[in-house]
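Enquirer: Supplied in structure tokens, the structure appears directly below.
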């Protein structure tokens with residue numbers, strides 16, 4: 001592992017350019033990388049060029065706005081399409097999908113869960129490919145592949161064929177959320193990451209709203225039409241996804257250092273901005289030592305348990321929300337309309353959470369705790385309110401959608417509180433392993449025999465959110481105490497040296513100047 005630099009960089013806030021040190025003198029103190037190391041450390045060349053560069057607030061805002069206008073919409077739409085395609089069964093189920101395939105017993109549950117099995121097997125190779133090759137190409141090929149799978153679902157008329165296609169869908173979709181989580185750290189500062197992550201992750205709610213209204217429109221078509229109404233949903237979503245793959249391929253850059261929508265000066269500014277995250281951008285070399293560190297990182301362990309616990313109720317909400325709402329006594333068209341309210345709650349909660357974390361320092365895990373508490377109380381109301389209290393139970397079911405705030409904060413912890421690209425990639429893969437198997441297990445707590453109250457599902461929601469709440473409180477305590485320990489042992493952090501360590505791909509455990517953002 002490379003040695004830590006003793007360089008004291010020039011602050012970008014300096015106003016007197018005559019006092020700026022000679023950049024060439026600063027570079028003498030940099031760690032000397034050979035050609036291979038410099039190629040592997042994405043953005044390091046631009047980082048060195050930016051030493052001593054004074055960046056005004058106006059320049060920083062201009063670069064950030066360009067990134068927001070190009071990168072953020074691509075992230076949001078990609079995430080929305082991935083979510084709508086994955087949960088399309090939720091809508092197809094309203095239009096005779098189970099009857100068309102002759103599904104019996106728990107076969108629909110297995111079909112809903114199978115995508116997460118593919119997701120599990122796909123995320124490790126996808127994570128490696130995103131690190132080793134241009135990320136936009138991997139995402140584009142992945143997007144095109146799962147879009148084709150959605151179209152193929154229209155031709156599946158047996159349980160086994162649909163299971164195989166759903167597995168392949170999960171395999172290709174595995175590049176999206178973990179990939180976008182890692183890429184958010186390529187483009188944004190630690191302060192900016194939570195809001196941006198909340199914005200593109202709100203695509204789950206926005207996608208749910210769009211999906212609900214597509215289903216609502218389809219529900220007005222004749223039941224005898226050809227293609228069948230459930231087939232039409234797959235045709236629409238699969239077709240749009242395939243077209244969007246080409247947008248990703250040609251419009252999404254891999255990193256700030258090769259963004260075509262930025263000029264050469266702006267690329268240096270963009271790299272300089274994220275160098276301040278103290279976690280680096282991306283390193284193409286796989287580091288086995290960092291992989292071992294990731295597996296024993298207490299933060300990763302707490303995130304793993306919290307995500308698994310929350311993913312079980314997430315699997316219930318994603319795959320069975322329409323059935324649960326319909327069994328409260330609503331028509332098919334009304335069910336799709338009411339489901340969209342829960343999706344809107346998710347979007348609103350994410351925007352509120354993102355705004356709080358942007359404007360209130362060290363409020364990330366406290367915001368997640370508030371959202372987790374709301375979900376736990378709502379799940380308890382679903383479990384124990386009388387059956388006759390339809391609207392009370394429905395509102396509670398809407399409110400559990402606020403759980404996305406806690407999950408997004410979990411992803412932010414990876415992108416802004418873990419140094420070393422391999423460390424972040426492995427931690428992300430482990431967290432999404434928990435996400436996969438929790439979502440895989442979720443559909444099986446929904447038992448048709450328990451309709452219309454679904455006691456197992458509601459208890460599953462309550463227990464899952466309670467465990468998640470405890471884990472996030474534990475994570476808050478761990479990072480707070482570690483910050484205090486480092487201040488006592490090492491003294492005040494040297495920000496410039498910490499930035500350098502991040503660009504040289506050191507983990508937060510090697511970088512003694514690193515401090516966690518709470």
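Cβ atoms here come from the backbone N, Cα and C positions, even for glycine.
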Enquirer: I'm validating the feature mapping. Which of 88-109, 110-131, 264-285 is tagged transmembrane segment in TrEMBL?
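Expert: Going through 88-109, 110-131, 264-285 one by one, TrEMBL gives transmembrane segment for 110-131.
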Enquirer: Between 48-65, 138-155, 372-389, which stretch does TrEMBL give the note transmembrane segment?
Expert: 138-155
Enquirer: Going through 110-131, 200-220, 344-360, 426-446, 458-481 one by one, which has the most CB pairs that fall under 8 Å from the transmembrane segment (232-252)?
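Expert: Highest pair count goes to 200-220.
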Enquirer: Between the transmembrane segment (67-84) and the transmembrane segment (167-188), are there three or more C-beta pairs closer than 8 Å, counting only pairs 6 or more apart along the chain?
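Expert: In this chain the transmembrane segment (67-84) contacts the transmembrane segment (167-188) - 3 or more Cβ pairs sit under 8 Å.
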Enquirer: Is it true that the transmembrane segment (200-220) and the transmembrane segment (138-155) have 3 or more CB pairs under 8 Å, sequence gap of 6 or more?
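Expert: They are not in contact.
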Enquirer: Between the transmembrane segment (458-481) and the stretches 110-131, 138-155, 167-188, 391-414, 426-446, work out which stretch tops the count of Cβ pairs under 8 Å.
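Expert: Stretch with the highest Cβ contact count: 391-414.
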Enquirer: Apart from its near flanks, which chain residues at least 6 from the ends of the transmembrane segment (344-360) lie with a Cβ under 8 angstroms of it?
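Expert: For the transmembrane segment (344-360), the far contacts come to 191-192, 194-199, 201-202, 204-206, 208-209, 367-368, 371, 398-399, 401-402, 404-405, 408-409, 412.
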